[in-house]
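Visitor: To start, I am sharing the structure in question, which I have written as structure tokens.
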Amino acid sequence: MGRAMGVAGLLAGLLLVPAVLLGAGFGRGEPPPDPQPAPSEWGTGSDAVPEDSLWPLPQSLRTSRLRLQLAPERFQVVHGAGSSAGPACGLLQDAFRRYYEYVFGRSGWRKPHRASPSARGELSQLQVVIASPEPGCDGFPHLASNEAYHLTVTEPVAILKADEVWGALRGLETFSQLVHEDDYGSDAMAFNKFNVLHWHIVDDQSFPYQSISFPELSNKGAYSYNHVYTPTDVRLVIEYARLRGIRVIPEFDTPGHTQSWGKGQKDLLTPCYSGEQPSGSFGPVNPILNSTYDFMATLFKEISSVFPDAYIHLGGDEVSFNCWKSNPEVKDFMKKQGFGIDYAKLESYYVQKILDIVSSYNKGYMVWQEVFDNNAELKPDTVVEVWMANNYAHELSRVTRAGFTAILAAPWYLDYISYGQDWTKYYRVEPLNFPGSEKQKRLLIGGEACLWGEYVDATNLTPRLWPRASAVGERLWSSRNVTNLEDAYKRLSNHRCRMLSRGIAAEPLFVGYCPHEARWQ
Amino acid sequence: MAPVAIAARALLLLAAVGPAAALWPQPQLQRSPPAPARCPLPPARFRFAHAAGSAVGPGCAVLDEAFQRYWALIFAAARPAENKQPWRTSCTELLISVATPGCNGFPNLDSKESYKLNISRDSMLLYADAVWGALRGLETFSQLVGRDENGMYYINETEIVDFPRFPHRGLLLDTSRHYLPLKAILETLDVMAYNKLNVFHWHIVDDPSFPYESFTFPELSRQGAFNAMSHVYTASDVQTVIEYARLRGIRVIAEFDTPGHTLSWGPGAPGLLTPCYLGKDPSGTYGPINPIFNTTYQFVTSLFQEISSVFPDYFIHLGGDEVDFTCWKSNPDILVFMKKMGFGEDYTKLESYYIQRLLDIVSSLGKGYMVWQEVFDNGVKVRPDTIIHVWKNKPPYAEEMANVTKAGYRALLSAPWYLNRISYGQDWMAAYQVEPLKFNGSTKQKDLVIGGEACMWGEYVDVTNLTPRLWPRAGAVAERLWSNATVRNLQDAYVRLADFRCELLRRGVQAEPLFIGYCDHEFGGF
């Protein structure tokens, strides 16, 4: 339906198919018992229209051909009877308004409208009921948050039940996807039910994080004064994410990938030698100086308080030993410690000390797989992120056999672009397809789509990310058996048009069109 | 985790835009003194003006509008306070002198785009044979202007003599596989001018949709567009594109590809396409245009009559690529026709028959034509002034270029420049390293290569990703077609192109990064 067709056409499209939906996170969450609608009313999901665009697909779904109308001037999202959350729950109040706007449009064409001839009744309310006595309105989402919800749409009131607010957010997204002709938007991650933003905030090239304890790090290490994230920016990101049920896990990768740190923190990096003389270039963080650990203790203390999540990503990948090997003081230290010529031991020594520092702040940590591969001693609750594409199933098997929690990123490096429909490649991945016991499988807690920044900035980020990351979003949310590519193509095409209509410049899957092309233009 | 460490660290990490003077594409000749004098440009007082004795004066829309555009591009960020700075400078005026009159015409294949720029403390002069060259010179001038840390605009003493290596430097957009809003096309024309590209090849219709609103056959877009109201180009849209392009010295060549690639034509033109058969019955699907009916040629005549009058360029692109014979083979009427014509089993003869008649029709309308290479490969008799568009990589395009020019036809190269085919990393380099004249042939043959086109086919491209996918990658092709054949140092190109893409960002173009780094003005943001 084109915009040119005018208000009547849009309004006639504002219909909701009564539905029962159960959603749950990746392998967890106990759905409440489902009510039984009258059998004759319910058809299969595939021949009704709106669910053709549900993304990611709910764990369980039953729909009817009955259509209900929604009138913008009458329809309300409210707290239901018996809910432990009320108008004091700012997170839900915000979400109610946000989703009302997605459904009806922000500017709101509050013009008189005709009833749709095909609609039998009207839906006047969506009641949201939070069951848990601790709804979580002011808290942060965490690894054990319950994102399950149960949505029942019947005339005249729809009921969305969830244990915690995080499930209610997921259910509101689904509700909005059930409504035809929806509008507007802001955060594409929530549209895809992603719940963790892994913020790889600093690396070799630049240090844009403005540290309170060490302001010189970004003063000297950022590309420019314009290219920093101030404490206010960081807080904004964290709160924006929280309101959408998204955790923010920062990564401060050490001891490698730290070239930009050296500019603002003297003596932090290892001076490399060329023969007997310092060459003027620097290597990884210098692991032999006490001052290094004093610095890290202060920095990670700050990070621990700035980022509320229980986890910090500590990196630990791709440490090159060349510079350490060239440095005579490092060599002396190796000898003293009895490391021989095994520089992986020096790396472990460093990582160990960092892990101890971070543990002392009551934070858990995530590390890239090398830290595990190099046999650094890890706390049992360490989360190991598997990123190397070569035989990642085997790595998952090893990590979980050793009893560690694992996260999969290897098959989902979205920065690796190629010609054609590469989303199918990401979609086809089955994370649990690795050799291992049931217990091992339970240790895989999910995955991450990665968009590394060598070739990506604000100019091409959004179309490169969406809808390709949506393929990962569904793999991590939906049931294991949701694997039909044709069905996914159809739903994902519609989902990308919905993202477009919400103002996200999601690129096309293939030839075709959306009713509303690129409204931000 | 980030594989960059291994891949590309060897390449220099260029950071900020330095002071101005990194030009893209590189002029043919630039002379600057070893320590060039720096002359401040005062935004409030600076103006473009016609030199005494110029064949073109005030009232020439092409230049008047270009003056406005370039003033805004150069001084976009100038704040009023800075305008009042009492700079003592003689660089307050760029004088433009054009040798031959002509402001109201359209650029064509023979248009003169050469120009000379003399920038000194005493005077700033731009000479051009024609207004089209003046446009190119204004672009270069705008790239020469820098800004120092105090916000002062300046230009360094220099002398530039410049002209294009090839006269046809094109960019193809596909508005059938996805509809591109008018604004996206106009923005592309702007960036083409920044890159000195001069032909917009508008692949306007194809199998998936027919967005061109024809006044002779309105049903074509009514039935064949993705949406007859919102996903069409009206007559006034088309006029807008043509005039917008003209003001930037860009030709618009429309492609109406037949007899294949026409599925979207079918619903609005009953009887035009060949009904395919399954055994003895029509299968309900359709193939290429039906070449055996007179009604087909009546339709084609009327349609191309309209197209010839709507699009002022001498050339029309007639397509002619990828004709699938399966449907023709299934159709009993066509089998009868083949026998009658004595074509035997050779369906390329039927294709040639169609194309020959089409070419005659277009010739009779006083137009020249371009065709995809298959038309030449299949031995269709074409006029000697036909331009053969080389797009296939098998056999190697160098062989095809040799064959086409050996037969005496003019050739246009696109095969190595399919920018829709993306891959990981700095693929602009492959596009940049192409040498169009590297094929076996005489000097006379080489002279028949009129240029090339970067192609952005639309299977996976729409307005969401068009601009970052095009720029700065198409810039690599632009320099190859404009600059001297000897300009091919990759490191130097990297530095200039990274700089140029920051300039594009500053001008509001969503051009993607070449590699790690940053620009002073990032795109968008809060």
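Positions of Cβ are set from backbone N, Cα and C atoms, glycine also.
Please treat TrEMBL annotations as automatic predictions, because they have not gone through curation.
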Visitor: State the disulphide partner of B:Cys103 as given in TrEMBL, choosing from B:Cys60, B:Cys91.
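Guide: Disulfide partner per TrEMBL record: B:Cys60.
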Visitor: If I take the Cα of B:Cys502 (disulfide bond) as reference, which of the recorded positions B:Cys103, B:Cys276, B:Glu322, B:Cys327 has the closest Cα?
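Guide: Result for B:Cys502 (disulfide bond): the nearest of the recorded positions is B:Cys103.
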Visitor: In the domain 'Beta-hexosaminidase eukaryotic type N-terminal' (B:23-144), how many residues does DSSP assign to helix, to strand and to coil?
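Guide: Across the domain 'Beta-hexosaminidase eukaryotic type N-terminal' (B:23-144), DSSP assigns the residues as follows: 33 helix, 27 strand, 62 coil.
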Visitor: Can you figure out which of B:Cys60, B:Cys103, B:Cys276, B:Cys519 (the disulfide-bonded residues) comes closest in space to B:Glu322 (active site, proton donor), comparing Cα atoms?
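Guide: Ranked by Cα distance from B:Glu322 (active site, proton donor), first place goes to B:Cys276.
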Visitor: From the Cα of B:Cys60 (disulfide bond) across to the Cα of B:Cys519 (disulfide bond), what is the distance in angstrom?
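Guide: The separation of the Cα atoms works out to 36 Å.
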Visitor: Please report the Cα separation of B:Cys327 (disulfide bond) and B:Cys60 (disulfide bond) in Å, rounded to an integer.
Guide: 53
Visitor: Please classify the secondary structure at B:Cys519 (disulfide bond) using three-state DSSP.
Guide: coil
Visitor: Round to the nearest Å and give the CA-to-CA distance linking B:Cys103 (disulfide bond) with B:Cys276 (disulfide bond).
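Guide: Checking the Cα atoms of B:Cys103 (disulfide bond) and B:Cys276 (disulfide bond) gives a distance of 51 Å.
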Visitor: Name the secondary structure element type, per DSSP in three states, that contains B:Cys327 (disulfide bond).
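Guide: For B:Cys327 (disulfide bond) - judged by DSSP and reduced to three states - the answer is helix.
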Visitor: Roughly how many Å separate the Cα of B:Cys276 (disulfide bond) from that of B:Cys60 (disulfide bond), to the nearest whole number?
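Guide: Rounded to the nearest whole number, the Cα-Cα distance is 55 Å.
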Visitor: Which of B:Cys60, B:Cys276, B:Cys327, B:Cys502, B:Cys519 has the fewest nearby Cβ atoms, counting only those within 10 Å, among these disulfide-bonded residues?
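Guide: Each of the disulfide-bonded residues B:Cys60, B:Cys276, B:Cys327, B:Cys502, B:Cys519 was scored; lowest Cβ tally within 10 Å is B:Cys276.
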